[in-house]
Amino acid sequence: MSQGKIVQIIGAVVDVEFQRNEVPKVYHALKVEGTAITLEVQQQLGDGVVRTIALGSTDGLKRNLLATNTERAISVPVGAGTLGRIMDVLGRPIDEAGDVQASDHWEIHRAAPSYEDQSSSTELLETGIKVIDLMCPFAKGGKVGLFGGAGVGKTVNMMELINNIAKAHSGLSVFAGVGERTREGNDFYHEMKDSNVLDKVAMVYGQMNEPPGNRLRVALTGLTMAEYFRDEKDASGKGKDVLLFVDNIYRYTLAGTEVSALLGRMPSAVGYQPTLAEEMGVLQERITSTKSGSITSIQAVYVPADDLTDPSPATTFAHLDSTVTLSRNIASLGIYPAVDPLDSTSRQMDPLVIGHEHYDTAQRVQQTLQKYKELKDIIAILGMDELSEEDKQSVSRARKIERFFSQPFHVAEVFTGSPGKYVSLKDTIRGFKAICDGEYDHLPEQAFYMVGSIEEAVEKANKMSAKA
């Protein structure tokens with residue numbers, strides 16, 4: 001193994017000089033002697049000098065320290081030994097529970113599966129969240145994005161999805177915390193522990209306080225662990241179905257921007273790295289299902305200043321099967337989850353995939369909400385009395401639908417005091433179909449707020465009339 005010496009340190013960027021005939025390849029990992037720091041080669045500058053990004057704090061590094069070329073990319077532990085553990089970007093345990101007992105180590109830079117190995121599925125993944133199941137259903141083995149600005153509930157929605165899917169799902173889950181709050185990572189660990197599913201979850205964290213190199217690579221570390229579970233065949237020749245949760249994809253892009261600036265690349269639109277589309281593609285193309293197993297991924301995507309045309313969320317859109325858009329306007333009405341049913345999409349929205357009843361109900365709900373949206377200006381200027389009877393009925397049903405989309409979450413029980421509700425897809429379709437048919441026109445709209453199934457809304461209305 002060749003050795004070089006550090007010649008320059010600028011923040012997280014470290015230049016290392018090697019003999020000209022022993023220059024490491026791009027993405028090879030270097031170990032710095034006397035420290036726990038790993039460097040990843042990003043550029044070859046010529047004359048035997050390589051420019052690297054430090055995966056860890058560069059405090060205490062100095063010139064002329066020796067760096068050894070490991071002659072391979074960063075490798076992380078994979079397999080059953082990672083389950084129930086919290087690891088950093090290099091696969092080192094950070095949960096103070098001893099070493100990770102891994103059967104194998106895989107490099108984090110890998111090629112995406114070939115076209116002939118990939119497979120697509122039209123099987124629906126029920127989430128128990130009414131607005132998602134009805135308006136933007138998820139596919140098993142698909143990619144889902146939760147888009148939203150600051151404070152509209154991306155992480156809470158993701159935690160509820162983990163609660164509803166990962167606990168009911170008998171397969172394995174991998175959670176990659178990319179540049180998010182350490183507190184949320186801690187909460188997630190205890191949530192999994194309390195619900196006895198910790199032994200089915202591998203957790204990889206590169207949080208807000210870590211250098212950009214860690215935040216840029218931690219998503220790849222988590223993905224590599226998920227790929228192992230998908231590709232490693234059991235006795236029957238099948239891999240596993242894996243859930244991959246990434247919170248937050250925007251921080252992955254942001255870390256790429258920081259690294260790009262540190263490496264001296266010319267920024268492109270809004271200051272992002274010129275390689276934004278390529279970096280996103282490298283990650284997203286690997287998150288796919290093969291003939292042996294599947295990866296279903298749910299990714300939170302922060303939307304800077306609520307602008308969906310920002311290059312980062314706009315680049316992410318192209319890779320997803322379902323997009324769940326969280327709206328600040330809906331959150332301001334106190335309707336949670338604050339999903340915008342008119343702005344959320346799904347490739348599964350096809351009568352041949354989800355069935356005619358589901359498709360027709362979703363279309364009717366969408367038309368009713370769209371009509372209400374168009375009438376809002378008239379109502380604001382002239383008031384409800386100026387509307388025709390038909391329009392009044394549409395507005396009344398739309399307001400009931402809006403409120404019926406709200407739902408108490410299991411993960412928010414501690415804040416709200418009301419028990420969480422899981423609503424099956426069948427009950428969801430039945431409830432919204434009945435509202436559109438006018439079966440509940442006589443009930444007050446408050447009865448539909450924060451309930452589970454339609455029966456609970458009727459019960460709530462009866463209680464309200466009894467009190468009155």
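Each Cβ is built from the backbone N, Cα and C atoms, and glycine gets one as well.
The ATP binding site annotation in Swiss-Prot covers GLY148, GLY149, ALA150, GLY151, VAL152, GLY153, LYS154, THR155 and rests on sequence analysis. Within the same chain, the residues at least 6 positions away from THR155 (ATP binding site) whose Cβ sits under 8 Å from its Cβ are GLU180, GLU184, ASP247, ALA300, listed in sequence order. For the recorded site, THR155 (ATP binding site), the DSSP three-state label reads helix.
Following the DSSP three-state reduction, the secondary structure of GLY148 (ATP binding site) is strand.
Each of TYR302, LEU326, ALA331 belongs to the same chain as GLY148, GLY149, ALA150, GLY151, VAL152, GLY153, LYS154, THR155, is absent from that list, and has a C-beta within 8 angstroms of the C-beta centroid marking the ATP site. Each of the binding-site residues GLY148, GLY149 was scored by other CB atoms within 10 A of its CB, and the lowest score goes to GLY149. Most other Cβ atoms within 10 A: among the binding-site residues GLY151, GLY153, that distinction falls to GLY153.
Packing around ALA150 (ATP binding site) is summarised by its Cβ count: 11 other Cβ atoms lie within 10 angstroms of its Cβ, all protein chains included. Cβ neighbour count for LYS154 (ATP binding site): 27 (other Cβ atoms within 10 Å of its Cβ, all protein chains included).
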